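*Asks:* Quick one: the structure is below, questions incoming.
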Amino acid sequence: MNRKNVTRTITAIAVVVLLGWSFFYFSDDTRGYKPVDTSVAITQINGDNVKSAQIDDREQQLRLILKKGNNETDGSEKVITKYPTGYAVDLFNALSAKNAKVSTVVNQGSILGELLVYVLPLLLLVGLFVMFSRMQGGARMGFGFGKSRAKQLSKDMPKTTFADVAGVDEAVEELYEIKDFLQNPSRYQALGAKIPKGVLLYGPPGTGKTLLARAVAGEAGVPFFTISGSDFVEMFVGVGASRVRDLFEQAKQNSPCIIFVDEIDAVGRQRGAGLGGGHDEREQTLNQLLVEMDGFGDRAGVILIAATNRPDILDPALLRPGRFDRQIPVSNPDLAGRRAVLRVHSKGKPMAADADLDGLAKRTVGMTGADLANVINEAALLTARENGTVITGPALEEAVDRVIGGPRRKGRIISEQEKKITAYHEGGHTLAAWAMPDIEPIYKVTILARGRTGGHAVAVPEEDKGLRTRSEMIAQLVFAMGGRAAEELVFREPTTGAVSDIEQATKIARSMVTEFGMSSKLGAVKYGSEHGDPFLGRTMGTQPDYSHEVAREIDEEVRKLIEAAHTEAWEILTEYRDVLDTLAGELLEKETLHRPELESIFADVEKRPRLTMFDDFGGRIPSDKPPIKTPGELAIERGEPWPQPVPEPAFKAAIAQATQAAEAARSDAGQTGHGANGSPAGTHRSGDRQYGSTQPDYGAPAGWHAPGWPPRSSHRPSYSGEPAPTYPGQPYPTGQADPGSDESSAEQDDEVSRTKPAHG
């Protein structure tokens, strides 16, 4: 409820209250009479100071007009008082004895007055009730709680277009097709294509699913309704199904249109057995949604777009084609996507010359579009805090650290000993990673406290990777255990600072053994599967599907991996202890070191050989033959530029080639005087239906026709005054007799024998 409606409602209530008060004020005929005690009135009567009197029997009140005002009446000559029940006759007799003029009035109650007394307060209460109901949305309480709470975007709202979306080109392409279908349906309908009924956007939080929906709303040019999945189900039973029906009814009235349901997992969760004894309100709502999306009812022109972070818990009936024809993954952007996202969010912001967005894109692997937008915004806020005018490279660097680790803890007082331990701990991580051959190089190491960490070392990959080898994962274990190894080597005892490192190492080692099958002892087997009920979040119901002996072997393999990585880190730090001391000293002095400074410190550090203790293939001997080289590697060897432009998919080239061929055929047919189907224009007749209106095409080579087809003109029914019918279809070869001629069937058979290819 906006401010204008609130002001209007309050004004209406004030007017009603003012009118009611005016009615009661001006209808009161006792105005001008001074209320006095009953004893004062009796004193005036006994003192013969009453000129006239009026007894209101129904109201049990006495009005006196005095001959002269006095102190008891405060000088007023008109007084009014109440008298007890049954004393009207005594008052009349007393006034008559004093020769005062007495009149008795018995008022009859006004029906209008009675109604106003009871109805006006009721109207006020109803008005307040309606006002508060509308202020709370009108759907939670009061009337219309079963109505849909979907909001239709108006033209006045700020529009988001596909130009504002970056990093998810595949999703944009899929959604742009829907927008193009709504605006140019003829191109698709000519091919018999049908518009998708539903599109599901799924992916991690912050990847731009809702932003894509807003872009579709800004460019579709059709009514766009948006609603959250949690808006369907509330405290009233049956409200969810009612709102689903009302939503689609509203959409059908505005067809063609688009409905966007955000967080559809709130209502589309997989149906279960109703654990806990609760009602099936959610299932009832889901069933109604399934029927509305693809049931007996017609929903032509209504496209449903939904977004979720958990596609794995959605009901299978909701995901089938016909309901959600397209399921579009919206994942974290790659390097090119991050560059595009940073360019979009930095547009309109003053950037300094040292603000390297390409380098920033390389250092933000794994960040979503929302994270990158937050980085740019944090850099702008930091610049404004320091009264700067342009966003610099250091501001972007600080913004990345704030987004990853939180703000710097400036007020924390750290002792020299703790600072020294932190320097050696982070130095151990950095040196161990630098000496391993299969790990991303360290970009930055710092001992500045942020959030819950006392320092961190950042390893930035050179390029995006979708796969990790066993050697890379072992190198990650060595990197994680480098801090604990440095503590034990230098200070002869561990600290609690390695808790997150141990947790991360355990997670990596256990996944290598139980998920990725990298242990030769346990084999390529996945151990442990989820058997949980969807209403328990699935993961809460995980049960082991292996024996206790296998569980013990898993623990042994995990411990073996971590111990090997721990030992490798220890040996690296022992060999390069002087380098570790130099690195720790630089960290204590500068607090933060970057790649160029680390390269000068680690100039003498050589890469270690790979750990081979887990390279056993169980009797399977790998081949010594190297793999083939990729076209890119061959181009680099030849000194050619690479990468080359990515070719279009094969199906696109095939479609383009077929389209060009069809257009060429149509143009040739038009030049020879034939219509769209290869027949003379205007020769199609209803009488042709006896034999079929087109020449049959059995998929044979061009120039071949069926024996005896079309029938001879002498066998066709004749129509007076009408020319012989023609049969549109595939053009006949040059020199072939016209189907409408009198050529004998034998001659046609000879022609077929000459043109038909031999089979055998």
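Yeah, the Cβs are placed from backbone N, Cα and C, and that goes for glycine too.
So Swiss-Prot lists the following for this protein:
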TOPO_DOM  1-5  topological domain 'Cytoplasmic'
TRANSMEM  6-26  transmembrane segment
TOPO_DOM  27-110  topological domain 'Extracellular'
TRANSMEM  111-131  transmembrane segment
TOPO_DOM  132-760  topological domain 'Cytoplasmic'
BINDING   His425, His429, Asp501  Zn(2+) binding site
ACT_SITE  Glu426  active site
REGION    616-760  region 'Disordered'
COMPBIAS  650-669  compositional bias 'Low complexity'
COMPBIAS  740-750  compositional bias 'Acidic residues'
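Give me the structural setting of these features: burial, nearby parts and distances.
*Replies:* Per-residue pLDDT, averaged along the topological domain 'Extracellular' (27-110), amounts to 80 for this model.
Reduced to three states, the DSSP call for His429 (Zn(2+) binding site) is helix.
Its own atom aside, the Cβ of Glu426 (active site) has 27 Cβ atoms within 10 angstroms in the protein chains shown.
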*Asks:* Taking 10 A as the limit, how many CB atoms besides its own sit near the CB of His429 (Zn(2+) binding site)?
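*Replies:* So the number of other Cβ atoms within 10 Å of His429 (Zn(2+) binding site) is 28.
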*Asks:* From the centroid of the CB atoms of His425, His429, Asp501, the recorded Zn(2+) site, which same-chain residues not already listed sit within 8 A by their CB, in sequence order?
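*Replies:* For the Zn(2+) site, the extra neighbours are Glu426, Gly428, Ala457, Ala480, Met481, Gly482, Gly483, Arg484, Ala486, Gly497, Ala498.
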*Asks:* Specify the count of other C-beta atoms within 10 Å of the C-beta of Asp501 (Zn(2+) binding site).
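*Replies:* Its Cβ has 19 other Cβ atoms within 10 Å.
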*Asks:* Using DSSP, break the compositional bias 'Low complexity' (650-669) down into helix, strand and coil residues and give each count.
*Replies:* 20 helix, 0 strand, 0 coil
*Asks:* Cα-Cα, whole number of Å: Asp501 (Zn(2+) binding site) versus Glu426 (active site)?
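*Replies:* Asp501 (Zn(2+) binding site) to Glu426 (active site), Cα-Cα distance: 11 Å.
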*Asks:* With Cβ-Cβ distance below 8 Å and at least 6 positions apart along the chain, what are the contacts of His425 (Zn(2+) binding site)? List them in sequence order.
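*Replies:* Listed in sequence order: Gly454, Gly455, Gly483, Ala486, Glu487, Thr495, Gly497, Ala498.
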